[in-house]
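According to TrEMBL:
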SIGNAL    1-27  signal peptide
DOMAIN    30-320  domain 'Glycoside hydrolase family 29 N-terminal'
SITE      Cys293  site 'May be important for catalysis'
Amino acid sequence: MRFPEIRRRAVGAQLLMVLALGTVGSAIRNKGCYTPDWPSLDSRPLPDWFDKAKFGIFVHWGVYSVPAWGSEWFWWHWKGQGAPQYQSFMQNNYPPDFSYADFGPQFTAHFFSPDDWADLFLAAGAKYVVLTAKHHEGFTNWPSSRSWNWNSKDVGPHRDLVGDLGTAIRKRNIRYGLYYSLLEWFHPLYLRDKKNGFKTQYFVTAKTIPELYDLVNRYKPDLIWSDGDWESPDTYWNSTGFLSWLYNVSPVKSEVVVNDRWGVNCSCHHGGYYNCEDKFKPSTLPGHKWEMCSSIDKLSWGYRRDIVMSDIADEAEIISVRHLLAPISN
């Protein structure tokens with residue numbers, strides 16, 4: 001499925017993803033104090049709105065929408081893995097000294113119209129929308145003070161994409177969530193911690209935790225979709241400390257929902273609702289609230305110019321998702 005209305009209005013247009021959630025009953029809000037440990041945090045019931053939401057839309061949008069080739073993991077495949085096809089793509093299309101950062105100014109979002117997007121989401125029946133505030137490339141779609149000259153205010157669009165879309169979404173009474181990658185592939189502090197076996201937390205202290213606090217205090221998201229946790233334990237990310245603050249003190253403590261990607265071995269075990277893995281389709285109804293998150297493009301979560309019709313989920317696959325959800329929705 002393609003969305004020509006969006007493609008005309010956004011430079012480096014994004015691909016929309018379907019989020020389908022399953023429920024196992026209505027949650028009763030717990031007003032207790034949650035301590036920074038998993039037994040306590042896991043005892044928090046999810047807010048009622050998530051039980052009722054059923055369907056949402058996931059928007060992957062970032063600097064990777066400029067080369068728009070391969071997938072949103074373009075930078076990693078090019079520089080992290082040195083994949084030959086990505087090397088050839090760059091050699092054939094860009095000067096020898098062209099860096100990934102040079103894509104930043106080209107990410108202009110010149111025709112971005114938040115109200116048009118929000119109207120489309122509303123017409124699609126979405127009850128919540130999740131935008132990538134920051135993907136693994138580290139570029140932030142809001143003016144983060146911890147991402148100097150690598151954010152949407154300083155470079156490219158020169159506007160607050162997270163804030164602008166959030167305003168439009170909430171005008172239409174749609175819940176607004178933010179995706180945030182804990183790691184950044186090539187951030188020097190992250191690489192330093194990684195070299196130290198994640199026994200130091202230079203990156204977490206200087207970047208991750210301050211940005212998470214900033215996102216919550218500034219935009220008051222209804223949902224935080226955490227990702228990029230797979231290389232290190234939750235203790236490195238200080239996940240339980242952040243979630244304890246989120247549930248007890250933050251301005252969204254009563255309404256916020258989170259997923260389960262907060263460190264190695266957390267997925268499908270700890271957090272709010274479970275994603276477990278990308279495109280998770282359980283064979284039986286889980287005993288814990290879960291979300292099936294899938295992309296329309298079989299090969300990428302973000303827009304790419306090299307997509308062909310066979311890469312798009314066909315009707316049978318889309319219908320199978322509906323069949324999966326039918327007993328839950330009823």
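Cβ atoms here come from the backbone N, Cα and C positions, even for glycine.
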Integer mean pLDDT for the domain 'Glycoside hydrolase family 29 N-terminal' (30-320): 94
CB contacts for Cys293 (site 'May be important for catalysis') [other CB atoms within 10 A, all chains]: 22
